[in-house]
Amino acid sequence: MKGVGEVKPVRSSLNIRRRNIWTGWSFILLSVVMIFIFYFYPMLQALIMSFQTGTGSNLEFTGLSNYQRLFDDNMFITAVTNTFIYLLVQVPVMILLALFISVLLNDSKLKFKGFFRTAIFLPCVTSLVAYSVVFKYLFAGDGLVNTLLLKLQLIDAPIGWITDPFWAKITIIIAITWRWTGYNMIFYLSALQNIDVSIYEAARIDGASAPRQFFGITVPLLKPIILFTSITSTIGTLQLFDEVMNITKGGPGNATLTISQYIYNLSFKYSADFGYAATVSYSIVIMIVLLSFLQFKVAGDKNG
Amino acid sequence: MAKSKRFFTYLFLGIIAFVSIFPFAWMVISATNQSVDVTKGRLLPGSHLLENFRNLLETTDLQQSLLNSAKISITTTILALLIASLAGYGFEVFRSRTKDIVFNILLVSMMIPFAAMMVPLYRMFASISNTVPWLGIDTMASVILPTVTTAFLIFFFRQSTKMFPKELLEAGRIDGLSELGIFLRIYLPTMRTTYAAGAIITFMSSWNNYLWPLIVLQTPETKTMPLLISNLGSGYAPDYGMILIAIVIGTLPTALVFFLMQKQFVAGMTGSVK
């Protein structure tokens with residue numbers, strides 16, 4: 001009886017749905033129009049512009065010349081290299097760190113859990129600009145980080161965190177890791193809470209060590225979430241802008257320049273080369289598509 | 001063995017928590033100190049908070065920037081919630097194969113990097129500046145419009161609508177409510193927590209948005225808080241105490257929102273991947 005009573009309304013609502021096709025569309029129309037105007041149309045425009053050259057609005061078609069220019073453009077190559085260094089160092093470090101922290105926090109016997117979670121998540125409430133400026137001062141030549149390291153006698157001379165090409169990259173990596181580790185941790189924590197505790201109990205009875213449990217149970221079970229966070233972090237890093245702009249301005253000597261910042265410079269700082277800027281921006285599109293595909297592929301193969 | 005392991009767990013988490021909190025503590029403490037003391041590495045609260053604040057009021061148009069940020073963030077949040085919840089509800093309640101395809105196309109927009117859209121968007125608003133001035137460059141509308149509709153928020157509302165009890169829909173239809181009436185009178189009040197979570201996420205990202213406002217807002221009167229902070233930080237002889245109080249003020253609204261609604265915020269973030 002109960003089952004019949006539940007099925008009936010669903011059927012009648014289906015009929016109502018069929019009759020009111022336009023009611024359904026009216027709910028979603030505005031958002032569809034907005035996304036087409038403000039995402040897909042600019043995207044298409046950028047594609048067209050990537051085949052054009054000229055300054056400001058005086059653009060004319062020059063075929064693939066912009067794309068050829070990419071390969072001889074040292075600044076572009078520097079920006080891509082820098083971005084990939086951030087990507088290859090920062091994303092794995094951050095994801096492992098976030099995973100490790102969330103496994104520790106998931107221990108039911110742990111005290112002060114709420115405090116640790118809130119503290120580690122706290123950096124996510126800051127704006128990218130605000131925390132970047134704070135980091136710029138903390139890591140300045142005479143900044144607090146150097147002062148403390150000198151006082152603790154860990155270093156003999158101040159480190160050029162912002163003025164040395166190598167250390168400037170490290171500073172950017174430290175900054176992004178500080179800002180986003182807690183963010184990723186939250187996803188892992190909520191996923192960990194859905195794992196049945198008995199799996200770990202069985203593993204313990206079988207004598208599996210903590211690292212074996214981590215790599216044998218936790219990582220495989222969290223794979224979908226790890227994939228999600230690694231893709232979003234990759235996309236985020238490929239678009240890195242606010243931090244570099246506010247900590248190092250891309251310097252010293254383009255050592256920290258990112259692709260996004262290069263596009264910004266080409267469009268709004270140098271001589272408004274919109275066509276070429278659009279070409280550079282499409283390099284990010286291609287990279288995002290390729291890397292996301294690759295990450296799916298890697299995760300998929302291991303699943304199979 | 002177990003005891004030492006426990007000790008290292010607390011030590012490790014303690015260090016991570018300290019590193020996470022430290023920049024905040026330093027920022028708040030330094031906002032009360034003179035610039036000279038900040039460079040000397042003073043880590044104790046000082047007595048220059050009011051002086052720093054006065055300097056900030058004198059050298060910048062703080063009130064204007066706060067007002068601009070508030071106007072933009074609040075308008076964006078209200079519009080974004082309305083548009084996205086209508087769409088999320090629409091996609092889930094009036095499902096059809098065509099709508100599922102459209103939904104998937106919308107999701108593709110999440111993959112489009114902003115860098116690839118910023119120049120065409122800028123040209124779009126620049127070209128309209130002369131004919132419709134309130135919509136052109138340097139206006140509130142030009143900041144809000146491109147950021148107000150996100151596939152992410154639509155996705156978020158669609159996921160949550162799956163949990164919405166469909167019997168309530170039927171009850172509304174039997175009572176003779178229109179489809180919009182059901183949405184406004186039944187769905188909206190029932191989904192309060194979803195709206196709260198969506199509001200926090202949207203408000204935070206709007207308040208903190210930097211690159212697009214940097215491009216489109218060009219006069220001092222229209223600048224938002226991130227632009228003001230970024231500008232202060234770029235000087236050669238910075239007044240640290242003053243800049244840090246500006247950063248504290250700029251961070252306060254999002255930090256408050258976070259602390260008051262921590263649960264909804266976390267639920268909102270993780271709800272999107274479940």
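Cβ atoms are placed via backbone N, Cα and C, with glycine included.
Nobody curates TrEMBL annotations by hand; they come from automatic prediction.
As given in TrEMBL:
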DOMAIN    B:66-261  domain 'ABC transmembrane type-1'
TRANSMEM  B:7-29  transmembrane segment
TRANSMEM  B:72-94  transmembrane segment
TRANSMEM  B:101-122  transmembrane segment
TRANSMEM  B:134-157  transmembrane segment
TRANSMEM  B:195-215  transmembrane segment
TRANSMEM  B:240-261  transmembrane segment
Who are the long-range neighbours of the transmembrane segment (B:134-157) in its own chain, taking Cβ under 8 Å and residues 6 or more past its ends? 68, 71-72, 75-76, 79-81, 83-85, 87-89, 91, 103, 106-110, 117, 121-122, 125-126, 128, 194, 197-198, 201-202, 205-206, 209, 212-213, 216-219, 222, 224, 268, 271-272
Highest-contact recorded stretch vs the transmembrane segment (B:101-122), from B:7-29, B:72-94, B:195-215, CB pairs under 8 Å: B:195-215
Which sequence positions outside the transmembrane segment (B:7-29), separated from its termini by at least 6 residues, show Cβ-Cβ distances below 8 Å to it? 42-46, 244, 247-248, 251
Sequence-distant contacts of the transmembrane segment (B:72-94), meaning Cβ under 8 Å and at least 6 residues beyond its ends, amount to 100, 103, 140, 143-144, 147-150, 153-162, 164, 169, 183, 187-188, 191, 194-195, 198-199, 202-203, 206-207, 213, 224, 253
